[in-house]
């Protein structure tokens with residue numbers, strides 16, 4: 001029995017060693033940038049942003065907290081998040097600022113999401129919110145408060161700045177130095193997929209202190225710091241779904257139901273639906289159709305108010321068009337390159353060939369590209385992001401287009 005107890009205690013100590021070493025490395029890296037620098041931390045009221053603020057304080061930064069008020073009511077983006085964020089700032093002894101961003105959130109996110117569903121696409125509000133609301137609002141606030149130099153958030157991603165020296169021999173380059181975005185070390189929590197659209201100006205002023213940590217280490221460190229949010233449950237849903245109860249509840253509140261047809265790829269009508277906004281590519285459940293084989297949504301035709309379905313084996317595609325591209329770690333390529341493409345959050349990046357499509361009206365810049373996958377992909381969904389990787393580096397990304 002004593003041996004078992006000793007073994008358990010030994011394992012407990014050993015399990016904590018990587019945590020200590022990783023956090024020490026993170027603190028040293030933060031300290032090399034600190035000096036007399038100031039930073040504002042985007043605080044959501046969750047454990048990730050709370051530990052971000054705590055680590056920066058410990059590393060010697062002059063820290064202030066900022067929370068965006070995005071929606072009225074309860075939830076992480078609403079009053080609950082504001083209260084928890086204020087509590088963390090009080091605990092850490094730092095200033096807390098609240099920015100009323102409800103109007104821009106309505107315009108850039110809610111209106112855009114609803115428009116997308118009406119057009120038969122599946123919007124990706126998180127990446128749009130990061131670029132057009134969260135980081136842009138924080139940058140705007142920083143510029144108005146000239147004593148603040150940097151922005152920090154609790155995202156699980158990493159940045160290599162243009163003045164840092166790293167081995168990047170495998171990255172295509174034309175000699176122009178860029179701030180580079182990388183996956184977070186914790187691949188189970190990596191959020192780089194949602195950050196592909198951040199411009200260079202924002203990346204150059206942003207810090208991701210949790211980029212080298214795992215979620216488990218974050219929890220351990222939050223408990224060590226006795227942070228009030230250390231045991232707060234993680235949000236499992238989009239903020240819109242959390243706020244309204246579900247995405248369907250959100251959609252039903254704003255978009256009217258409109259009866260339409262469910263058809264096979266041949267055009268044969270096999271059922272009906274109450275609104276294309278309730279469907280997404282790849283969906284199998286909730287079709288309300290009994291068929292000899294399982295059917296999946298393969299296309300949504302907004303012009304005809306139709307949902308097209310097919311067996312899984314008939315729904316794979318080997319290519320797609322990606323539009324509205326933001327190039328991150330490299331300049332826009334001038335010729336085809338081999339990449340790995342991630343077409344959904346948490347999905348595995350797959351090998352593909354990226355062929356630039358040049359716009360003669362925009363100085364032959366590559367805002368679109370043609371993606372040829374090495375193997376057929378299931379559920380290539382218009383409106384979702386296709387993010388291009390080379391190893392851990394985010395080369396760029398854009399939105400999957402309906403046009404092909």
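Heads up, the Cβ atoms here are built off N, Cα and C, so glycines get one too.
Around the Cβ of residue 48 (ATP binding site), the number of neighbouring Cβ atoms within 10 Å comes to 24. The ATP binding site annotation in Swiss-Prot covers 42, 43, 44, 45, 46, 47, 48, 49, 68, 154 and rests on sequence analysis.
The Cβ of residue 129 (active site, nucleophile) has 26 other Cβ atoms within 10 Å, all protein chains considered. Under the heading active site, nucleophile, Swiss-Prot lists 129, citing sequence analysis as support.
Around residue 239 (disulfide bond), a 10 Å sphere centred on its CB holds 21 further CB atoms from the protein chains shown. In this structure, residue 239 (disulfide bond) is part of a helix by DSSP. Residues or ranges marked as disulfide bond in Swiss-Prot (evidence: sequence analysis): 129-239.
Residues or ranges marked as site 'Interaction with tRNA' in Swiss-Prot (evidence: sequence analysis): 155 (among others). According to DSSP, residue 155 (site 'Interaction with tRNA') sits in a coil region rather than a helix or strand.
The annotation active site, cysteine persulfide intermediate is assigned in Swiss-Prot to 239 on the grounds of sequence analysis.
Other Cβ atoms within 10 Å of the Cβ of residue 384 (site 'Interaction with tRNA') number 23 in total over all chains. According to Swiss-Prot, the feature site 'Interaction with tRNA' maps to 384 (among others).
When every Cα pair among 42, 43, 44, 45, 46, 47, 48, 49, 68, 154 is compared, the largest distance found for this ATP site is 16 Å.
For the binding-site residues listed here (42, 46), the lowest count of other CB atoms within 10 A around the CB belongs to 46. Secondary structure from DSSP puts residue 384 (site 'Interaction with tRNA') in coil. The recorded positions shown are 44, 48, 239, 384; of these, the one with its CA atom nearest the CA of residue 129 (active site, nucleophile) is 239.
Looking only at the binding-site residues 42, 44, 46, 48, 68, the one with its C-alpha closest to residue 155 (site 'Interaction with tRNA') is 48. When the Cα atoms are compared, residue 42 (ATP binding site) and residue 239 (disulfide bond) turn out to be 16 Å apart.
On the backbone, the CA of residue 384 (site 'Interaction with tRNA') and the CA of residue 46 (ATP binding site) stand 26 Å apart.
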